[in-house]
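Visitor: Dumping the structure here so I can ask a few things about it.
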2 protein chains.
Amino acid sequence: MPILANDPTKKTWLKVPKDSDFPIQNIPFGVFLTRDDIITIGTRIGDYAIDLGALHQLGYFKDIPLTDDIFLQDTLNDFISDGQKTWRAVRNRISEIFDVSNDELKNNDSHKEAVLFSMDEVEMQLPVQIGDYTDFYSSKEHATNVGRMFRDPENALLPNWLHIPVGYHGRSSTIVPSGTPVRRPLGQTIPKNSDQPVFGPSRLVDFELEMAFITTDANLMGEPIPVSEAEDYIFGMVLFNDWSARDIQKWEYVPLGPFLAKNFASSISPWIVTMDALEPFRVDSPIQVPEPLPYLRLNGKHSFDINLEVDILTEAGIPTTVTKSNFKYMYWTMAQQLAHHTINGCKVNSGDMMGSGTISGPTPDAYGSMLELSWQGTKPVKLNDGSERKFIQDNDTVVLRGYCAHKDVRIGFGEVSTKLLPALETIK
Amino acid sequence: MPILANDPTKKTWLKVPKDSDFPIQNIPFGVFLTRDDIITIGTRIGDYAIDLGALHQLGYFKDIPLTDDIFLQDTLNDFISDGQKTWRAVRNRISEIFDVSNDELKNNDSHKEAVLFSMDEVEMQLPVQIGDYTDFYSSKEHATNVGRMFRDPENALLPNWLHIPVGYHGRSSTIVPSGTPVRRPLGQTIPKNSDQPVFGPSRLVDFELEMAFITTDANLMGEPIPVSEAEDYIFGMVLFNDWSARDIQKWEYVPLGPFLAKNFASSISPWIVTMDALEPFRVDSPIQVPEPLPYLRLNGKHSFDINLEVDILTEAGIPTTVTKSNFKYMYWTMAQQLAHHTINGCKVNSGDMMGSGTISGPTPDAYGSMLELSWQGTKPVKLNDGSERKFIQDNDTVVLRGYCAHKDVRIGFGEVSTKLLPALETIK
């Protein structure tokens, strides 16, 4: 089935602001609460949230085999389970319904009343129930920076890094959508030159600029997904802020990896942009030397040119863009990550989420965390209000944005915006 | 509400074999498929599986506030969400229904027909949908053994170990109930004296003798659970075999922890034994020196005297008990683990599972893994058929068992029995 929805010449009868992340060529999927307090699955064009549950009840998807309640759900998991052919058919059909030349909905005011909401009047929810969440560590620049700071500057990359898309398991229960504030965590840290840990709020709370992909049911337990098929099982992508408490991490992470330093919160953008929408923005990923083992080899363009940036907003609301990076810098591709994840037979389900790891670019203004931007606090980052940051302060808001752009089309992710609240003062 | 079901003098009108793990004082909870292919929540007395969905429909729980379909579900998550008071009321009521002096069900043949199954005719399922799974590393003997083998024998324990109940995130999607075979994983390993990894089946597949506890909804995101309240949020425990591929682990685990070495499979026993049933078997846990930070301090008996053993069955079915250990050896208690897990505000949900880590005792015959029993393969373990094992061979079956025993009562967990299948010969 061709991806008709990607036609760059297509226009819609809905008003779309110039430079919107959500032209009719995007058609992402999300879950929202309507003004009537009803949860539904929807899409977005311009600044309109579109209720797919209502559209389906009104018969607009009658030619696609879908269960009656597929969009009347509080997560996208079942729709994602329906597989690529269904996602594509639904996205193409939405594109048709809102095409400027199509009058069927455009001229039906009562239907429009039921289907169209202003983004202001809906409340975005977590789009999927995330069964398992894995975070990779696939930016060579980031892994090198961390290795230079914490290990041996001469041998910054660990021996396994060029052979394995290194990853580890994270916690699903604290993944929250954009807009949900996050509290500075309490925990154990180890003072310099001491062997006695102390208890209190983390002093080194950081963002990590990441993206994450959402999978469909991909395999039976015990069966690997070949790298050549892996992309078929990826539904789409979101922006991902993997909050990190660097001082807690330092004390806890040897030998079993980060735990409380990460699992207090992770934040995602609420609209899942489909891999179909990103198709025009494929690019080569970095050349891999040494060549990976055969189960990880894949020719062709398997990375994506996605511009990324992070703003810090002070409590007074003054924004500063602290970094600009790009998803295409990732050394390991999503296809390789998914093939590696399942080579041992690990089962992947609909709604599972896999993070890229911090996406740092080659230059210091493209680093993906305060740890790197301030180089462990030695080079404070100047903000537009005159203040400085080594890490994130209480009541700062961190905003990640991402978009792809060609001459004719811009496909964006919107944003994931999260305010850091002060730590609890006492515990029960 | 008193835990009436624990009365050691109580007898049932059902036939219970001598030394059964499931006397009327146990009353565990599980999920099974009946002979009519219906999924239901149930309990077990002796060798009878008891359909709680049917009992509830017949009115036997009419004095307890329960939703109509609470037991007609394929997981225990909603029942566990109902909280400790409800679990206790239901368990006490089951104890009353099957008490030797109670005729209401005993003398009603049609009801008995609907409610009672032989264990032979039901198929046990995974008892909960596990949202997040965490594995701790809380046996001092195990951590010391691993440190002696892989790091510095003189400083076997890492500096954080005596201060933190070290834990890490695992994968929920591959947790399977007893009886589900597990396939030897493929993956990357690093040959001795080489810096080039090779691909193939893991050669060092191991069991880990663990137990795990299942939680209820315990807190809001951002709010720690105080150590003094933590036990109220633990529903019960199961036996847990945390399958491990030691050679894959060695190559992948620095710096972010074990990943593919663990997530190919983990196996649990199907009956969740409640903390109420384990109450009579409380014991002191080991004295902790240095004293932990205040948020981890808790006086009193917070460990449990649970005898554990592991058998290896060869393909011909010849069993050998390779280790005998006890849950009481754990250095960190479950209350401390849960308090630590949430001190940063990490949210815990109903059906989450937390593993103890490998439970090794103080003597070499009480070690909880082949890695330790064969001391990295240097001391092969002799089996009763004359063969030897350094690690687990294809078509071996590993069986974990556990039980508590006082003079009058034995409360057991049954077993988790898992056959290791050969690796896939080719991948697609």
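Backbone N, Cα and C atoms are what each Cβ position is placed from, and that goes for glycine too.
Taken from TrEMBL, the feature domain 'Fumarylacetoacetase N-terminal' covers B:25-127. Among the features that TrEMBL reports, domain 'Fumarylacetoacetase-like C-terminal' is placed at B:134-414. The annotation Ca(2+) binding site is assigned in TrEMBL to B:ASP135, B:GLU208, B:GLU210, B:ASP242. As annotated by TrEMBL, substrate binding site applies to B:TYR137, B:ARG151, B:GLN249, B:TYR253, B:THR358. Residues annotated as active site, proton acceptor in TrEMBL: B:HIS142. Under the heading Mg(2+) binding site, TrEMBL lists B:ASP242, B:LYS262, B:SER266.
Tell me what's around each of these sites.
Guide: The average per-residue pLDDT of the prediction over the domain 'Fumarylacetoacetase N-terminal' (B:25-127) is 97, rounded to a whole number.
The number of other Cβ atoms within 10 Å of the Cβ belonging to B:ASP242 (Ca(2+) binding site), over all protein chains shown, comes to 26.
A sphere of 10 angstroms centred on the C-beta of B:GLN249 (substrate binding site) encloses 21 other C-beta atoms. Secondary structure at B:GLN249 (substrate binding site), as computed by DSSP, is helix.
Long-range Cβ neighbours of B:HIS142 (active site, proton acceptor) (same chain, at least 6 residues apart, Cβ-Cβ under 8 Å): B:GLY357, B:THR358, B:ILE359, B:SER360, B:TYR367, B:GLY368, B:SER369, B:GLU372.
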Visitor: List which of the recorded positions B:TYR137, B:HIS142, B:GLU210, B:TYR253, B:SER266 have a Cβ under 8 Å from any Cβ of chain A, in sequence order, or say none.
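Guide: Among the recorded positions B:TYR137, B:HIS142, B:GLU210, B:TYR253, B:SER266, the ones whose Cβ sits under 8 Å from a Cβ of chain A are B:TYR137, B:TYR253.
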Visitor: How big is the gap, in Å, between the Cα of B:TYR137 (substrate binding site) and that of B:LYS262 (Mg(2+) binding site), rounded to a whole number?
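Guide: Approximately 14 Å lies between the Cα of B:TYR137 (substrate binding site) and that of B:LYS262 (Mg(2+) binding site).
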Visitor: When DSSP states are grouped into helix, strand and coil, how many residues of the domain 'Fumarylacetoacetase N-terminal' (B:25-127) land in each?
Guide: 35 helix, 22 strand, 46 coil
Visitor: Please name the residue among the binding-site residues B:ARG151, B:LYS262 whose C-beta has the most neighbouring C-beta atoms within 10 angstroms.
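Guide: Top count of Cβ atoms within 10 Å goes to B:LYS262.
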Visitor: Measuring CB to CB from B:ASP135 (Ca(2+) binding site), give everything in the same chain under 8 Å that is also at least six residues away in sequence.
Guide: B:GLY167, B:TYR168, B:HIS169, B:GLY170, B:GLU210, B:ASP242, B:LYS262, B:MET354, B:GLY355, B:GLY357
Visitor: Pop the Cα-Cα gap between B:GLU208 (Ca(2+) binding site) and B:ARG151 (substrate binding site) into the table, whole Å please.
Guide: 20
Visitor: Taking the Cα atoms as reference points, how far is B:GLN249 (substrate binding site) from B:GLU208 (Ca(2+) binding site) in Å?
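Guide: Distance between the two Cα atoms comes out at 14 Å.
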